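Enquirer: Not my notes, these are from Swiss-Prot:
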- Gly12, Pro13, Ser14, Gly15, Ala16, Gly17, Lys18, Gly19, Thr20: ATP binding site (BINDING)
Amino acid sequence: MSTHAPVITVDGPSGAGKGTLCMLLAEKLGWHLLDSGAIYRVLALAAIHHGVDLESEDVLVPLAAHLDVQFKAEGDLVKVILEGEDVSGELRKEETGMTASKVAALPRVREALLRRQRAFSNAPGLVADGRDMGTVVFPNAIVKIFLDASAEERANRRMNQLQQKGLDVNFGSLLSEIQERDDRDRNRSVAPLRPAEDALVLDSTDMSIEQVTAQAFAYIEQALEQKS
């Protein structure tokens, strides 16, 4: 991991707006982008492409350590490039998700992916999106942000997204799913979801993405000025 490239971490629960904020910050700063939530799916896809044994840590660890992946912000989307190929669509397939769950359960694979994520820290800088970026992966990040929103607001945003795709969804079911995931993430024994002690906590419940980005960027500019 580069010791000179500055890192900005954005952690928080699902649906708080981390992905959009990170993409906008990376574009504004001209920095690299890491979507840590996609990294296990990327590894799963690489394993499927290479036809390797999904239960063999001896095979998966070197694959994880040398994972050739890039995250590129384009418009309002993040493109995921695996070994030179845009795999953004494939990442969303059910098979990829199921395989990701299997490989994520292997301790040595998790350790290899932790090191691989840290290797994203290259000049001019990195914006890292996740749940434990500021607490575990990049504890020395120059700026740490914890982006939150009420479960009800996050369920409402998700419902609007799905309805725009023409899907019929139930608000109560979405809210229950989000609350259950929050409970799992906040109470897990390894890297529970929580703000780093030195993180700026932003509650986006009653804020637009423009307001969130403006507040985050003002904080980042101040931190970068103090560091220079």
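Quick reminder: no glycine exception, Cβ is built from N, Cα and C everywhere.
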Enquirer: In three-state terms from DSSP, label Ala16 (ATP binding site) for me.
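Expert: In the DSSP reduction, Ala16 (ATP binding site) maps to coil.
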Enquirer: What is the set of residues, excluding Gly12, Pro13, Ser14, Gly15, Ala16, Gly17, Lys18, Gly19, Thr20, whose C-beta falls within 8 angstroms of the centroid of the C-beta atoms at the ATP site?
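Expert: Neighbours within 8 Å of the Cβ centroid, excluding Gly12, Pro13, Ser14, Gly15, Ala16, Gly17, Lys18, Gly19, Thr20: Leu21, Leu147, Ala149, Arg154.
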Enquirer: Other than its own, how many Cβ atoms are within 10 Å of the Cβ belonging to Thr20 (ATP binding site)?
Expert: 18
Enquirer: What residues, ordered by sequence, lie under 8 A Cβ-to-Cβ from Ala16 (ATP binding site) and sit at least six positions away in the same chain?
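Expert: Listed in sequence order, they are Leu147, Asp148, Ala149, Arg154, Ser204.
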Enquirer: Using all protein chains in view, find how many other C-beta atoms are within 10 Å of the C-beta of Ser14 (ATP binding site).
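Expert: Result for Ser14 (ATP binding site): 17 other Cβ atoms within 10 Å.
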Enquirer: Please give me the CB contact count at 10 A for Lys18 (ATP binding site), counting all chains in the structure.
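Expert: Result for Lys18 (ATP binding site): 27 other Cβ atoms within 10 Å.
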Enquirer: Just to be sure I understand the packing, how many Cβ atoms besides its own are within 10 Å of the Cβ of Gly12 (ATP binding site)?
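Expert: Other Cβ atoms found within 10 Å: 27.
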